Amino acid sequence: MTIGPSKISNSITPFAMIDKHSALPREQEILFTMHSVFRIVEITQTPSNSRLWEVQLTITDESDPQLAGLTNRIKEEIDGEGWYRIGQLMLKVGHFDQAEELYDELLKGASDDRERAKVYNMLGWLKVDQGEYQEAVKFYEKSLEIKRKTLSEDDVSLADTYGNIGLVYNNMGEYSKALDYYEKDLEITKKALTPTHPDLAISYNNIGRVYNNMGEYSKALEYYEKAIKIWEMSLAKNHPYFAATYSQFGRVYRGLKDYSNALSYFEKCLEINRITLPEKHPNLGLNYSNIGDVHRLMGDYERALAFHQKALNIQENVKCNPLDCATTYMNLGETYREMKDYTTALTYYEKGLKIREEKLVKPHPDLAVIYHNMSKLYFSTQKYSMAIKYVEQAVEIGQEKLPATHPHLVEYRETFEKIRKKQ
């Protein structure tokens, strides 16, 4: 731990030596002020014990421009007053139950429509984090209804709500609806904000996510690049927005089968998440699962299993979106299937399928993915009647919900033909 002399002044002393006042003076204890923030310089594994890591830290101060920029941006994002800010903070650190209790109380005590619209919006955000998408839409639409009565059609607050509804429809697999709402959001945001405003980048990023899900990877990359360029001009390099977009880049390159690039972006995402999030935050669990999946695609099953286990250590032990856990189960199923451990693979597929069938609105593209995976497993074990049953479900959903040229739908049809020839 390093503390440069420039960080100490007559008015600011970030630490105190308390060995003379300690019950154990030999330990030479140091007490730091509660608001102390350290920059991670290096993390190295100790040579004597592979389970221990040495972290080199250097203290920052109020003049650190990156810290000041990040702090100011977080203050902007956690807007509002008093209890509203506490609720937003609870959501950001994954304390969903406490946030819901707080917002329920705020809704009961709301004195006007403006406050009710704000609480409905936050309840929608909460339900998204919990994977309760239909409930989220209801809350967002209540917020939108109030805002439309009281605000002009080009008010930036309407753009926020359009964007939130777009997010839910994207997660529900309703990509055309999602794109409609995101484009309404972008239209207002472009008029209301400067071309370099960070919130404009959010709009670009959201549209990129829809194109990614639709399998239109070049369009997705185009919008992600627009978002990144704006954030590079306006945000600190370790801002959580970068982590989210790096993850989306990773998904695109995974879809393009460019696994080295996919892994690089998922690792960039992890680097920021480790710095900015609590150790057991749900986003870290999903991050580990994505990295594990790329290692699986690259044929490194040992690493894949290790990262998936890291993901489950978070997802099975903290309150998180159960659909994230379902994704990890599915990824584990794929790993074991490729390792030809079909019994274990089926166990994980069934766990993932149970959650997705309970939580997703049917028919959803993510259900097609797991049906297709199960059909491949049954094909490998020569249970062709079961294989054709599941691949038919995958093709049916894909034809209804995906563009005709989507890589997933193309693959489902190829698998169908392969199985049909074996019958």
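Positions of Cβ are set from backbone N, Cα and C atoms, glycine also.
Positions annotated as repeat 'TPR' by TrEMBL: 80-113 (among others).
Marked as repeat 'TPR' by TrEMBL: 117-150 (among others). Confidence over the repeat 'TPR' (117-150), given as mean pLDDT on the 0 to 100 scale, stands at 90.
Long-range Cβ contacts of the repeat 'TPR' (159-192) within its own chain (Cβ-Cβ under 8 Å, at least 6 residues beyond either end) map to 121, 124-125, 128, 133-134, 136-137, 140-141, 143-144, 147, 199-200, 202-204, 206-207, 209-210, 213-214, 360-361, 363-366, 401. The repeat 'TPR' annotation in TrEMBL covers 159-192 (among others).
Summarised by DSSP class, the composition of the repeat 'TPR' (201-234) is 31 helix, 0 strand, 3 coil. Annotation source TrEMBL lists repeat 'TPR' at 201-234 (among others).
Residues annotated as repeat 'TPR' in TrEMBL: 243-276 (among others).
According to TrEMBL, the feature repeat 'TPR' maps to 285-318 (among others). For the repeat 'TPR' (285-318), the list of distant contacts is 94, 247, 250-251, 254, 257, 259, 262-263, 266-267, 269-270, 273, 324-325, 327-328, 331-332, 334-335, 338-339: same-chain residues at least six beyond its ends, Cβ to Cβ under 8 Å.
The repeat 'TPR' annotation in TrEMBL covers 326-359 (among others). Outside the repeat 'TPR' (326-359), and at least 6 residues removed from its termini, the chain residues within Cβ reach (under 8 Å) are 131-132, 285-286, 289, 292-293, 296, 301, 304-305, 308, 311-312, 315, 366-367, 369-370, 373-374, 376-377, 380-381.
Among the features that TrEMBL reports, repeat 'TPR' is placed at 368-401 (among others).
Note: the stretches the repeat 'TPR' (201-234) and the repeat 'TPR' (243-276) are in contact (3+ CB pairs below 8 A, sequence gap of 6 or more). In the repeat 'TPR' (285-318), the DSSP tally of helix, strand and coil residues is 28 helix, 0 strand, 6 coil. Per DSSP, the repeat 'TPR' (243-276) is made up of 31 helix, 0 strand, 3 coil.
Per-class residue totals from DSSP over the repeat 'TPR' (117-150), listed helix then strand then coil: 31 helix, 0 strand, 3 coil.
Residues 173, 175, 330, 333-334, 337, 340, 342, 345-346, 349, 352-353, 356, 408-409, 411-413, 415-416, 418-420, 422-423 of the same chain sit 6 or more residues outside the repeat 'TPR' (368-401) yet have a Cβ under 8 Å from a Cβ within it.
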